[in-house]
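K.L.:
Pasting the feature list from TrEMBL:
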DOMAIN    91-280  domain 'ABC transmembrane type-1'
TRANSMEM  29-51  transmembrane segment
TRANSMEM  90-114  transmembrane segment
TRANSMEM  126-147  transmembrane segment
TRANSMEM  153-176  transmembrane segment
TRANSMEM  201-226  transmembrane segment
TRANSMEM  259-280  transmembrane segment
Amino acid sequence: MSIPTADDGTPDAFVERERQVPRAQRVSAVVRLVVAIVVGLIMMFPLYWMVTLAFSPRTDVFSRDLYLWPSEWTLENFRTIFDGFPTLTWFGNSVIITVIVTFLTVLVNLLAGYAFAKLDFRGKGAIFLLVLSTMMIPVQVLMVAQFRLVAELGIYGTFWAVIFPSAASAFGIFLARQFMIAIPDELIEAAKVDGAGTIRIFLQIVLPLCKPLIAVLVLLTVMYQWNDFAWPLIALKDSELFTLPIGLLYLRGQYGADYGAIMALALISITPIIILFLAFQKYFVQGLARSGIR
């Protein structure tokens, strides 16, 4: 009597193969889940450590002993940054600059993207390639030209010195163009037949279809501008106009750094970004997918 093997065509071999396939799939799913949990914990640990240091007393922060939980939860570090530094002013400055830059950037990117996607004009391809080529220029190289520009305009040391150079984005224009290309031309042609002009078509036909795109542009612009450090540090000279990232630099003392206070201010700085992303992550994913970015 022969023993059925995995290659036999007998009913017993077929049942054995059917048992092995689901078992292998379950093992694979468990392995993927474990790996995802481990990677997620590794990525979340810096945020956890920031929160821990922000609410830890100074004795724990400067202790040589390794700890993962504060000996006591305290608001001492938050009192330090609010009593000793103009934290609320820095926060307000960041909000003002970020809101204005986001509005201008999204507006310019949408208009430029619509022009490159749906309008016909001479040199459109060459101009679009020129816009894309600016993404290959390092930001540090542009800072010299930006500094001379804001100095000659007489806006150096003001909010507009930060806002004006950030009022458009080559990547945002590219993203808007890619998204609007997918909008059917038949909608625009039908609107033209009804007597609609370019501005009316943009406002009443194209713009309502661009909600995912607008969410992506808003999130990307807010995250970049809120965390921008180098250019505001150059363009702003009055400490009353500083933003939160520059304020983090000023928490460092002459002979050391108060890491608990730094982590408390960093926690305040990242909280609005986390809330904004969690609120609009659905539109963010939809916008990236429909723009052709993988």
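Glycine is treated like the rest: Cβ placed from N, Cα and C.
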K.L.:
Using Cβ distances below 8 Å and needing 3 or more such pairs, separated by at least 6 in sequence, tell me whether the transmembrane segment (153-176) contacts the transmembrane segment (259-280).
P.N.:
no
K.L.:
Name the range, of those listed as 29-51, 201-226, 259-280, that has the largest tally of Cβ pairs under 8 Å with the transmembrane segment (90-114).
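P.N.:
Selected stretch: 201-226, with the most Cβ pairs under 8 Å.
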